[in-house]
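Encoded as structure tokens, the structure appears first; notes follow it.
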Amino acid sequence: MSDSSRSLIPSFLYSSDHRLFQATTMSTHLKSQPLISPTNSSVSSNGTSFAIATPNEKVEMYSPAYFAACTVAGMLSCGITHTAITPLDVIKCNMQIDPLKYKNITSAFKTTIKEQGLKGFTRGWSPTLLGYSAQGAFKYGLYEYAKKYYSDIVGPEYAAKYKTLIYLAGSASAEIVADVALCPMEAVKVRVQTQPGFARGLSDGLPKIIKSEGFRGLHKGLVPLWGRQIPYTMMKFATFENTVELIYKKVMPTPKEECSKPVQLGVSFAGGYIAGIFCAIISHPADNLVSFLNNSKGATVADAVKRLGLWGMLTRGLPLRIFMIGTLTGAQWVIYDAVKVLAGLPTTGGASPATALAPSVSA
């Protein structure tokens, strides 16, 4: 690749000393050990070996392997965390849908135990796992791609000057696609969690919605979902990136590159939790709306406002959601960055001020 086809990208957008990825002669560098032997069936007929890189092998920044690693990390971070908090999600959704019956967290917990037993807290786990795994893959993978792509378009000077706009534009672009993947599973999840007897889970809930409402029934909540998730994700990524940068500049006594990996992952959790609090507040009215529309056949936005009230739309279930989303977002960034570290990549955010030479992302 010629110099003209490469672009200088401000390293604040990516949290590494780029020399870690460009140096080819390091006395401490371990030899690459492919997971798949070149003598086995992974070698194609033309002699090309398709080996998966081990953690000791170098992954070039912004290469296809880099974006693939970020996609897998995003899939794991969102799928695992959202499934783990299914019990809290059950309580939250029921409080949003039927505030007269589920008046607060305590009464919602007691009512669920009384009517459904402990099993009631696991309702909807399978569509949650599948839906948010798909969403996480697109969200994080496309965010990293879009962040690099928009930086290439504006150039290093404007990317440095308007870095927060890069974060916002990249995260919004990624979330638009990610929600299309999430929406069908979200529709099934809400029905299963808030309508006892509707279905046992994904296997019978999905066909039931398709039979009664057609495939449109799986996507009727897409626009409200965008209304909830796009502001949420923009806040999540922009706040996280800036918070982590601030922590390394103002709080940590040593530069990021001198901090141990556990310390860096701790910073990722702190930045994620702070970002999650802001995410919960800005996206909560739309979250109430999504739950109401997915639970009520033929319901409109006006019906939701009339039933819940404007104040209820803003506050119903908010304390629980702040705790849930704060913990969730912090854990997501830890898992995401841990997977990147295992792949030999840097954690996200808080880079040193040096610039890095990196391949351009083609349109």
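Including glycine, each Cβ sits where the backbone N, Cα and C put it.
What you see is a predicted model, and the numbers here were worked out from it, not measured in a lab.
Taking the topological domains listed in Swiss-Prot, Val188 lies across the membrane from Thr348. Looking up the ranges 221-240, 241-260 in Swiss-Prot, the one annotated as transmembrane segment turns out to be 221-240.
DSSP places the residues of the topological domain 'Mitochondrial matrix' (86-123) in helix, strand and coil in these numbers: 29 helix, 0 strand, 9 coil.
Mapped onto DSSP helix, strand and coil, the repeat 'Solcar 3' (263-342) counts 72 helix, 0 strand, 8 coil.
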